[in-house]
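Undergrad: Sharing a structure with you now.
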Amino acid sequence: MKVVHTIQELRDHLRGQNRVSFVPTMGNLHEGHLALMKLARQHGDPVVASIFVNRLQFGPNEDFDRYPRTLRDDIEKLEKARDVYVLFAPDEREMYPEPQNYRVQPPDDLGDILEGEFRPGFFGGVSTVVLKLLSCVQPRVAVFGKKDYQQLMIVRNMCRQFQLPVDIVAHETVRADDGLALSSRNRYLSPAERAEAPALYQALQSLRQQVAAGARDLPAIEREAAQALAARGWQVDYLAVRRQRDLQTPQPQDLSAGEPLVALAAAKLGATRLIDNLEL
């Protein structure tokens, strides 16, 4: 595996390649990331991964400086997995050599709801860096995880509207044996919090069961699920059932027509904020 730190080095290694598959990450890799890279290898060759902690997507009170930088360990994991040909690990000056005054702004009806409501500017930062990375790598395929469901939708829509020649492929959420979605932030959980953490996924499973059984008062079942988590010590930001196609609130006619739905949640357990989702 080649490790490169500049855009020019990256392009030199990829010259003449037209089936590149790409997985962007912020590092601190776990089995979920490695699963994305394995899927990327099925869709193209060579596989490029990136590790870049993107300041633009962190709010003023978020954990940019605290976010784990584990490049040496990440390189060892990637070399052991043997799925990645080039790792692109730029520093901030390489990605942002001047102030990033031009940015991608997702539409309000998608970028300012759910995660966007609680993390203003987050999806603008994500969209901007993904567009820059796609410009650097120029892949045929890019792989994203469904754990970040709203992010996946925004990236797909951005690529479609800008007519970028890249297919966005989604990987199912990778979970621990007890159902907890794998996340770099899980390392912040205390042992007691780690034991409690699967309750978030269980709340989503309960919503799925109730909708499958015919529940139609979605605000009521969302409220009950959030209250149940709060009673266990969670601080719930949102727990919502939305349409898969646009993440808008389902209307009665959507429920009657069998519109595909997804339940999404974000909640804090202690100081750690976890997100998850489940297609219904």
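Glycine residues also receive a Cβ, built from the backbone N, Cα and C atoms like all the rest.
According to Swiss-Prot, the record shows the following:
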- HIS33: active site, proton donor (ACT_SITE)
- 26-33, 145-148, VAL174, 182-185: ATP binding site (BINDING)
- GLN57, GLN151: (R)-pantoate binding site (BINDING)
- GLN57: beta-alanine binding site (BINDING)
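Map these features onto the structure and tell me what's around them.
TA: Counting every protein chain shown, the number of other Cβ atoms lying within 10 Å of the Cβ of HIS33 (active site, proton donor) is 25.
Of all the Cβ atoms in the protein chains shown, 18 others lie within 10 Å of the Cβ of VAL174 (ATP binding site).
Applying an 8 A CB threshold to same-chain residues 6+ apart, the list for GLN151 ((R)-pantoate binding site) reads GLU115, PHE123, VAL126, PHE144. DSSP assigns GLN151 ((R)-pantoate binding site) to a helical segment in the three-state reduction.
When Cβ atoms from all protein chains are considered, those within 10 Å of GLN57 ((R)-pantoate binding site) total 21, not counting its own. Taken residue by residue with DSSP, GLN57 ((R)-pantoate binding site) is part of a helix.
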Undergrad: What is the number of other Cβ atoms found within 10 Å of the Cβ of GLY32 (ATP binding site)?
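TA: Counting Cβ neighbours of GLY32 (ATP binding site) within 10 Å gives 20.
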Undergrad: How many whole Å apart are the CA atoms of GLN57 ((R)-pantoate binding site) and MET26 (ATP binding site)?
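TA: That comes out at 11 Å between the alpha carbons.
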